Amino acid sequence: MRLPSAAGPRPGRPRRLPALLLLPLLGGCLGLVGAARRPNVLLLLTDDQDAELGGMTPLKKTKALIGEKGMTFSSAYVPSALCCPSRASILTGKYPHNHHVVNNTLEGNCSSKAWQKIQEPYTFPAILKSVCGYQTFFAGKYLNEYGAPDAGGLEHIPLGWSYWYALEKNSKYYNYTLSINGKARKHGENYSVDYLTDVLANLSLDFLDYKSNSEPFFMMISTPAPHSPWTAAPQYQKAFQNVIAPRNKNFNIHGTNKHWLIRQAKTPMTNSSIRFLDDAFRRRWQTLLSVDDLVEKLVKRLDSTGELDNTYIFYTSDNGYHTGQFSLPIDKRQLYEFDIKVPLLVRGPGIKPNQTSKMLVSNIDLGPTILDLAGYDLNKTQMDGMSLLPILKGDRNLTWRSDVLVEYQGEGRNVTDPTCPSLSPGVSQCFPDCVCEDAYNNTYACVRTLSSLWNLQYCEFDDQEVFVEVYNITADPDQITNIAKSIDPELLGKMNYRLMMLQSCSGPTCRTPGVFDPGYRFDLRLMFNSHGSVRTRRFSKHPL
């Protein structure tokens, strides 16, 4: 039975971009239409999978089939440590200040009508389909508010997808609803037919069986794992019984020299809190075993059909995660390595096996890379990211960036939580013991610098303290000591300047390796005044 297409009764019929929207894109791939053996692309995206705390450990088959067959990036970051802003960055190739998705709510532009009108027509899948002639397939979690009645419901199919099997709202494993090319299909709690990771695997295998062989394809498969509620498949629910969350140097300690939200965490954590996060850690790993199976099934199918050697496979996550670091129980959202660093593994034609790249990359680079593979002229986009293709192909004369931007706008309202009256107003994502993971003014921007000379992180907060955090990651990989008050003021000024440049960049100016303005003079007093910097005010009040 042929899979139904998102285009309607005629399978494979492309949904065209509106003519006016298509005009700026024309010319990119047209020269490649009809070219032999254009590569296929498979993008596998997990939900909340860290790189710092052993997130790849359970995925032995994935590491063997993708990482060992290609390249593993050891310095891959997300521009925002939260699902919807990060996923929007993958799709658009833009930093959050340019796509304006700031959190997981409709009000924060997550799958809102504004997002659908302004950003979706220019995502890289839209270009792949309407300009480059690719068959495009999506299955799994899209954006956290996808399917909301106020934003088109499940009938909405974003431009750019030939086959659309999207999850309503946030990650679940059972009792969910899928949009099957715009029509709702409910699932229950029968493992054999409803377990979402396996459902996504089966939909993907069906697509590979029934797709057209005359056009290249792009597949994006977005699993619920290892996001809460961490429901493992029955056969894996006893796995990792002796595993606990890593007790690294920043586990269960007080964030003494950090911004106020981290300082409010209670140290030491209670025994019940530690038992809870250890259980969560184990269950997260258990859910990833089904992802490992999914990867194996897809690679085997591509191999059996003779398409593996012409297919690029990307494996990554939308953000990292923490389990007890600085006494924060479990979540993401924070600026530290455990939340912003993610796995990134790539295999494909021309990529030598068993490589590790230390180059500084971001998920805004995925879209430009995939368009580059398809032959599209990246100069015709307004994407902020850079193509990874020169790195993947081993270009020895490559000039690359030394800085990437991380930015986040806190969730919550400036009111007191009645269940935690002793805390400051505006906290959110609070646990029963009133340890909170977010707040309305947990708004920050960071520049992550990695070069032959420096391995630093510099962050500014838009709060009453106008707090600054700086870390030497080489000397302090667990980010225990904030050196903002002791670092050389000249270096501090350079980092501040780099941050301002990145927060004001757009398109080509984001892709230019950082060069300092020799005329720039830094005034330390401006950083710690009570009014906030021009940069932070602009970010927090940027219109959607």
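Including glycine, each Cβ sits where the backbone N, Cα and C put it.
Binding of Ca(2+) is annotated in Swiss-Prot for D47, D48, D318, N319; the matching candidate from C29, C83 at the same site is C83.
Secondary structure at N472 (N-linked glycosylation site), as computed by DSSP, is strand.
In this view, N190 (N-linked glycosylation site) is surrounded by 9 other Cβ atoms within 10 Å of its Cβ, with every protein chain counted. Distance from the CA of N319 (Ca(2+) binding site) to the CA of N472 (N-linked glycosylation site) is 22 Å. Classification of N103 (N-linked glycosylation site) by DSSP places it in coil, neither helical nor stranded. When Cα-Cα distances from N190 (N-linked glycosylation site) are compared across the binding-site residues D47, D48, C83, D318, N319, the shortest belongs to D47. Sequence-distant neighbours of C83 (Ca(2+) binding site) (same chain, 6+ apart, CB under 8 A from its CB) are D47, D48, N104, K141, L143, N144, N170, H227, D318, N319. For N379 (N-linked glycosylation site), the spatially nearest entry among the glycosylation sites N103, N109, N175 is N109, judged by CA separation. Taking CA atoms as the reference points, N397 (N-linked glycosylation site) and N414 (N-linked glycosylation site) are 51 Å apart.
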